[in-house]
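Peer 1: The structure that follows is given in the form of C-alpha cells.
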Amino acid sequence: MREGDSNSKKSADVAVLSITLTGSTLTLIYTYKRYLTQFKRTNDIPRRIFRKHWLYGKVTSVGDGDNFHFFHMPGGIRGGWGWLRPVPQMIKNDSTAEKLVGDSRNMRFFNFNWITHGRSTKSKIQKAKSQFLKLNVPYKNRKNLPTIPIRLCGIDAPERAHFGNPAQPFGNEALIWLQNRILGKKVWVKPLSIDQYNRCVARVSYWDWFGGWKDLSLEMLKDGLAVVYEGKVNTEFDDREDKYRYYEFLARSRKKGLWIQNKFETPGEYKKRI
C-alpha cells in the first residue's frame, strides 16, 4: 500500500473515532440532563414532566396531614443513588406518636362522664383517635435538604394548630398516619401543577408489600383522615375524582376516622371561618 493511501486511511479512522466519541459524549450529556438530573426545588421541574411522568425519591419530612418534602432520586440505584450519589439518612425517633402531638392527651375525658349520653360519643371519638396515636413514627423529620414540597392531590386533611388557631379534630392523627406510612420511605410522585404556596400538587404512589401499589390520597380517604378537596383553585384529581368521592362516601357511611363525629367542619369550611 502506498504511503498516501495509508495516511488517508489513518485520517479517516481518526475522523470516525472522533465523531463516535463526540456522539457518545453528547448522548451521555443528553441522557444525564433528561433522565438523571436531580430536581431540588419545585421550579426545577420542567413543564414536560407535569401530568405525564413520575418522579422517584425519598420522603425526608412530613409536616402536615396532606403534604411532605420529597428528595428526588432520578434513576434510583441505576442512577447512582446509594453508591455514587449520597442518599439522606434518617434519624431514628425515640419519641412515641403521642409525645409528638402532646396536646392530644389533654383531649381525653373524665372517667365519670360514663353516666352521660355524651360519654358514648366522646368514647367512640377517643377510641377512633387512639388507633392512630398508637401508630409508630420511626424517624424524625430531616430539614434543610434540597427537597421539593409536595401537596397531595384531590384531598384535604384536617388542619393542625397554626398561628395561634386551634387544631381540628383528627388533624394530629392525620399527620401521624402520614408519617407512619411514608416518612423515610421511597415513593413515586406524578407532578400535576404548582399551587399558590409554590408546592408541587401531585399524585403519590407507594409500594405496600401486602397490597401492592397504593394511591396515597386514596388511602387517606379510605381511613377517614381526609376529605375530597373542595377548593376551586389548584383542584387536581388526575382523573380519579369519581373514585376518590366513592371511597369518601364509604368511609363516611362506615363512620371511619373523622366521620365518627356527629358535627363535622370540613378543612375548607374551617379555613374560611378563621
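In case you wondered, yes, glycine gets a Cβ from its N, Cα and C as well.
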Peer 1: With the ranges 15-32, 195-212 to choose from, which does Swiss-Prot describe as transmembrane segment?
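Peer 2: Spelled out, Swiss-Prot records transmembrane segment over residues 15-32, not the other listed ranges.
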Peer 1: Pick out which of the active-site residues Arg151, Arg199 has the most other Cβ atoms within 10 Å of its own Cβ.
Peer 2: Arg151
Peer 1: Taking just the CA atoms, what is the gap between Asp156 (Ca(2+) binding site) and Arg199 (active site) in Å?
Peer 2: 14
